[in-house]
Structure formats: structure tokens, C-alpha cells
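Some features that TrEMBL has for this protein:
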type     : residues                                   : note
BINDING  : G33, A35, V36, N40, S264, N296, L413, S417 : Na(+) binding site
TRANSMEM : 27-45                                      : transmembrane segment
TRANSMEM : 57-78                                      : transmembrane segment
TRANSMEM : 99-127                                     : transmembrane segment
TRANSMEM : 179-198                                    : transmembrane segment
TRANSMEM : 210-233                                    : transmembrane segment
TRANSMEM : 253-278                                    : transmembrane segment
TRANSMEM : 290-311                                    : transmembrane segment
TRANSMEM : 402-422                                    : transmembrane segment
TRANSMEM : 443-462                                    : transmembrane segment
TRANSMEM : 474-497                                    : transmembrane segment
TRANSMEM : 518-540                                    : transmembrane segment
TRANSMEM : 567-592                                    : transmembrane segment
Amino acid sequence: MAHAPEPDLASGDPGDERPRWDNKAQYLLSCIGFAVGLGNIWRFPYLCQTYGGGAFLIPYVIALIFEGIPLFHVELAIGQRLRKGSIGVWTAVSPYLSGLGLGCVMLSSLVSLYYNTILAWVLWYFLNSFQHPLPWSSCPPDLNRTGFVEECQGSSAVSYFWYRQTLNITADINDSGSIQWRLLICLAACWAVVYMCVIRGVETTGKAIYFTASFPYLVLTIFLIRGLTLPGATKGLSYLFTPNMQILQNPRVWLDAATQIFFSLSLAFGGHIAFASYNSPRNDCRKDAVVIALVNSMTSLYASIAVFSILGFKATNSYERCLDRNILSLINEFDFPEQSISRDDYPAVLVHLTATQPRRVARLPLKACHLEDFLDKTASGPGLAFIVFTEAVLHMPGAPGWAVLFFGMLFTLGLSSMFGNMEAIITPLLDNGVLPRWVPKEALTGLVCLACFLCATCFTLQSGNYWLEIFDNFAAPLNLLIFAFLEVVGVVYVYGMKRFCDDIAWMTGRRPGPYWRLTWRVVSPLLLLTIFVAYVTLLARKPLSYRAWNPQYELFPSRQEKLYPGWVRAACVLLSLLPVLWVPMAALAQLLTRWKRTWRDRDVRPDTNTR
């Protein structure tokens, strides 16, 4: 067995003082909870359905093998070996890389701001699910109570509840609007819950994670069993997984597969480094990396089956209602007996009437009813959770109960991801002694949560949803790609491949094989560089625009495409650069400090040439 002496780098803090996980299950569940988040529910199924069903799994698996697992192993190994948070780890690797740790802290802070706002929305829907009928099941009456609200009638009850009664959204990002107090209260409650769960670090998150990481799997299983018994479920699953191999010729498929793996595993945030730093130094981090990555991917597949079984039911229900409306129009126009036209007979009857009485048929408000069109009406992100899925729940018997389960699942999924985000912030701050040692950890955690809550109040404005989309699109993607590239390059070429392999041998008892060394040294850096170039190219070609909810828009309820004003575009650029700027700034500061020390030593050193 190869043996490497334990490096002095790990001795920054006495090992006995650093908290540890109570058991291996707490650590694994925490990493799984951090990796498995909302994206597994509302992003992966959408990509799988959009890009050829089963064909999408090919680039997804390739990206998992050559990008996801190797990078994940690097983070777990370096965090466990050096037993520090992100700032301490990258400063120990090289003082010139200290900005990488600072950037990770900044990035995790920015992501936490909007991620917990999504949980505030989920909490609002969760609380509104305890009533029958559900508040998004019908349009509210107008002021005169002689009809329904015009905006709701022009869209749908589900969309109206989301855009007007929840967000109360403005029609333009320039119009900030006022704070929505119900969302602010929900946001405060979410940050209070997060604080109570992370108040003492792994000592408290390790307890909470048993519930927050396991409950979503229980709910997904319940939804899967129920979904498979609903009419149309098999049609949804068939539509999801029917492979279209031609789609693999589209480079966008490969780009989205690679980025999905990257973001799904929560790489380069610093949370996994923080979690691994509380491990025993002799833990088998290689096995952990493979197991957690596979569990994350299998969860995405499992969630896809559950989600699309329900969406297949929704599409079938909408398709049948479309047919029923058309059949009713034919019966009324041609005075047919009631129930004389079945859904199966409708196409043949329509063809016959169109051929014999085309003018009368042309006057009818008949809709084109195709099941595939309704299956295509899926969405990703909040649109899936707060519009598409909530509408599907309405058609299920016992709708309030299913809504409570669904939003309870989303809340626990997001909460366990927040644990990782907060550890990525708090652990480095504790390691670097931001506050005096006599200040309790609970106080630092409270200050961080309070600061995040105050900053996140901007998302509770009426324009908050537009800004949340900006944060989601610009704060993380480019920064994560750069950070991951610097991480693997820093470990392999700065820390040293031999030294890193010796450390892994000391921790696990086995040296990394050719697969690991090749992916770390060549494949993963090149893949990340390719993804970065492709992503920037795609971003440069796409105009910076957003889709506004505007009841005055002539194509309403379609959302109006608008270009961002100049000051918002500047904010997008700043948001993209803010975390990564810490890297060159810290390196420059380190270089200046070194030069100053060199010049000071040169001035102090006596001149040996003088007599």
C-alpha cells in the first residue's frame, strides 16, 4: 500500500478541535442533499424531453464519466485532505489561488440569495395548499361580482395566481413596484428555518438532513405510484424516453448535457469541500464521489419518470377536453343527438362534415387537438413547478393533498441544498477567523443569514422575478466553469499530480488509476475549456432579453419579449464578473505583498561591498 506522510498544510487548525460528522450516513446524505436539488425535478426532465428522450442520456452519461465524477472526486479529496473550507484549501495549495476560495464564497452568497427566495415562493404555495378548493383552481370574481377578473379570463386561473396573486408582477423591469409583504414574510420564515438548521454547522445540519434528504424520495415514490395509475401516464413516459438519435447532431445537446451534470452536482461552489473537511482523514473519498454522483443522476431519472407520468395525465386530460369542446360545437351546429359522437369517431366525423358542408364547419371555433402539442407544453424552472404541475394537480382526486406533498417535497429539496450553500460561506469564514474566537459560531451564522435576508428583499419587489432570472442566468454559470477549471488545474499542476495521488493513497489505501489521472490532467480541463468557449459564444449571439407578463400585450397571455435596458445589461455583466474578479485581485495583492517584502528585505540587508 502506498503511503504518503500527512502534509503540514492540514495543520492550520488542530484536528481535534474541528467538528466531525456523527457517522458516514450524515455526510453522504448531506452531499446528496446538496447535489440533488430543484434542478433534478424541473430541469433534467425538461432537457430529456426536449433533446430526443433516451438519446439525451448518451451525452449525459459521457459528461458524467469524463467531467462530473472526476471533478467531484477532486473536491472531496482536497477538502478531506487539507481539512479546511474553500479559502483555506486554495490558499494552502497556493497563496496566488486564495481568490478562488473568496470567489466561491461570493458565488455561494449570490446563489443563496435567490435560491432561498424560490423556497419562499414554495412556502407560499405550500401554505395555500391547505384549503379546498385550491386557490388557483378558478378565477376570482371582478369588483362588481358580475363576472371574473379580465386578466384571469384572458390567461388561466393557474397563471393568474402565480403572476398576479403571488408575484403581483410588473409589466417592465424598469418598474420596480412595491414590496410584496406576504413574500417578505415567507422569505423571513425561510431564512429563520435555514438559520435553525445550520446554527451549529454539521452538528445541526447532520440531524436535519435525515429528514430533508429522505423525504423527497418518499414523495417522489408516492407520486410515481399514483402517476402510473392515472390515464395517459404511459403516453407521457413514451414521449419522454422515445429516442431521437438525429438530435445528437445538434451541438447544443452536448453543451446542455455537460452543463446539467456540472450544475446538478453543485461543483465549484465550495460546499462539497466544506462538507468533506469534516470527514475523517482516512475516509474513502473516491468511493463517495462515485456513489454520490450516481445517486444524483439516478434521482434525476427517477424524478423524470414521476414528473412525466403526471404530465402525461395532464396532457391527456387537456387533449380530451379539447376534443369534447369540438364535439359539442359539432353537435350544436348540426343538431346531432347528445353523445352521438365519441372521441374515437370525432376525426372521421369531422372529415366527413368538412367534405360535405365546408362552410358551416369553417364558421365553428374548432381547435386543433393533437396529444403531442399538449405534451410539448412542458416547462423548466419555476414554470414547471408553479404553473404546469400545479395545473396537473388540479385534475387529480384529492388535489389539496397532492399539492401539500409536492410543495413539501420541493421545500425539503431546496432546504438541503441551502445547507451546502451556507456551509460554503460559513466554514471558510470560521477557518479564517473573521470574528474573534470568543464570538460564538451561532452569532456568525446569524449575521450571515441576516445579511442574506436583507439583500434578498429586492426579490420580493413586484419586479423581483425578473431580477431572480438575471441572478440565475448570470451569477453562476460562467463563474462556476472558470472556478472548476482553476480547481482541477490548481490541484494537478500547482499542488502537483504526484503529491495529490500520494494524498489519495494515504487516505484510501489505493493510488488513482489511469482513468483518474488522464481525466484530471487532460480530459476534464479540455472539456471545461470547450464548454466555456461554447457557452460564451452562445451568450454573445443571444440578445439580452427577458419575457414580461403584460396583460396589455396584444398576444397576451404569451409573455412579451423585451430587451434589457442599458443599466440592467451593465448589472448582468457586473454580476457575471463579480465572483471571478476575486481571483486576479487576490493574486495581484499577493504579488504586490511579495514584491514589497522583497524590497524591504533588500533595504534592510547590509551592503557587503562597502568597507
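Our numbering is plain: 1 for the first residue shown, then up by one each step along the chain.
Any Cβ shown, glycine's included, is placed from N, Cα and C.
Overlay of TrEMBL feature records on the structure.
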| residue | record | CB count, 10 Å |
| --- | --- | --- |
| G33 | Na(+) binding site | 28 |
| A35 | Na(+) binding site | 27 |
| V36 | Na(+) binding site | 27 |
| N40 | Na(+) binding site | 25 |
| S264 | Na(+) binding site | 23 |
| N296 | Na(+) binding site | 24 |
| L413 | Na(+) binding site | 27 |
| S417 | Na(+) binding site | 27 |
Could you check if the transmembrane segment (27-45) is in contact with the transmembrane segment (210-233), meaning 3+ Cβ pairs under 8 Å among residue pairs at least 6 apart in sequence?
yes
Between the transmembrane segment (567-592) and the stretches 99-127, 253-278, 443-462, 474-497, the largest tally of CB pairs under 8 Å belongs to 99-127
Cβ contacts under 8 Å made by the transmembrane segment (210-233) with residues that lie 6+ beyond its boundaries
26, 29-30, 32-33, 36, 197, 299, 302-303, 305-307, 309-310, 312-317, 396, 402, 405-406, 408-409, 412-413, 415-416, 419
Note: vs the transmembrane segment (402-422), the recorded stretch with the largest number of Cβ pairs under 8 Å from 99-127, 179-198, 290-311, 443-462, 474-497 is 99-127
Out of 290-311, 443-462, 474-497, 518-540, what stretch is closest in contact terms to the transmembrane segment (179-198), meaning most Cβ pairs under 8 angstroms?
443-462
Do the transmembrane segment (518-540) and the transmembrane segment (443-462) come close, with at least three CB pairs under 8 A (pairs 6 or more apart in sequence)?
no
Excluding G33, A35, V36, N40, S264, N296, L413, S417 themselves, the Na(+) site's Cβ centre has within 8 Å the residues I32, F34, G37, G39, S266, T299, S416
